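Presented below is the structure to which this report refers.
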Amino acid sequence: MNKKYVFANWKMYLDNDESLSLAAEFANEFKNLPENIKMAVFPSALSFLSVIKPLQDAQISVGAQNVHWVEKGGYTGEVSAHMYKSAGAEYVLVGHSERRHLFHETNHQVREKVEAILSVGLTPVVCVGETGKEREENKAEEVIEIQIKSAYHNIVWPEGRDIFVAYEPVWAVGTGTPCDPVEAERMHNLIKKQVVALTGITPVILYGGSVRPDNAQKYLNNPDINGVLVGGASANFQHWKEIVESIE
Ligand code: 13P
């Protein structure tokens, strides 16, 4: 059976009490998910340690939204990949569009993070996507290719570790305007081809950007789309439940 990944990026939406109660609802509802569905939650750094136990007890993986690439040191406000590993994380989002565009994260920093994440035994989920302007100027493919190349060129990928990419067009993230599923499928195929050419490994590719209960099934039931990375709707129990239930 085709495996589907449902990854919930809670961004900075929930305080600690809200994170704890949503984690409890997730754990209760999704503790017996079928084997073909893999769920992961990316809570805030603050709430990571409060939610990890209930989620992991329910077989839901937990990941970090961002990391610093140095292991330890004088980097006020940062949390390293090593620290997340020691706290039980499995995945890390890297190069999310909000990191790239609001915090000016570069392709070079994304690469530093990917290497640091791999070196401590975690799995990076590399987010790529073009802006609306880049799409209008017919530069979407070029931008994605540069982002993919800088993340994976000449990288030594650990044996048995999956490669996760999230295609998240910047213009679709948090806007209510999702990418048409046929176009998302085209971009996924382009990304797949490029990752295979660089690494020899077929990646898991998720779609992200305004996934909601009323459109989720178009992505989740497309064989070229391995799953979804959801922001806003994943921080709402009822919306998330409906999204997960739309997997056929
Ligand atoms: P939204 O689902 O809120 O558009 O966010 C998508 C996203 O950025 C997931 O990482």
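Note that Cβ sites are derived from N, Cα and C of the backbone, with glycine treated the same way.
As annotated by TrEMBL, active site, electrophile applies to HIS96. Under the three-state DSSP scheme, HIS96 (active site, electrophile) falls in the coil class. Long-range Cβ neighbours of HIS96 (active site, electrophile) (same chain, at least 6 residues apart, Cβ-Cβ under 8 Å): ASN9, GLN65, ASN66, CYS127, GLU168.
In the three-state DSSP scheme, GLU168 (active site, proton acceptor) is classed as coil. Other Cβ atoms within 10 Å of the Cβ of GLU168 (active site, proton acceptor) number 28 in total over all chains. According to TrEMBL, the feature active site, proton acceptor maps to GLU168.
Residues annotated as substrate binding site in TrEMBL: ASN9, TRP10, LYS11, GLY174, SER210, GLY231, GLY232. Reduced to three states, the DSSP call for SER210 (substrate binding site) is coil. Within 10 Å of the C-beta of SER210 (substrate binding site) there are 20 other C-beta atoms, taking all protein chains into account.
Taken in sequence order, the binding-site residues ASN9, LYS11, SER210 that lie near ligand 1, meaning a CB under 6 Å from one of its atoms, are ASN9, SER210. Sparsest Cβ environment among the binding-site residues GLY231, GLY232 (other Cβ atoms counted within 10 Å): GLY232. Cβ contacts within 10 Å of GLY174 (substrate binding site), excluding its own Cβ and spanning all protein chains shown: 15.
A simple way to gauge crowding: the CB of TRP10 (substrate binding site) has 22 other CB atoms within 10 angstroms, across all the protein chains here. Neighbour counts were taken as the number of other C-beta atoms within 10 angstroms of each residue's C-beta; across the binding-site residues ASN9, LYS11, the minimum falls on LYS11. For the recorded site, ASN9 (substrate binding site), the DSSP three-state label reads strand.
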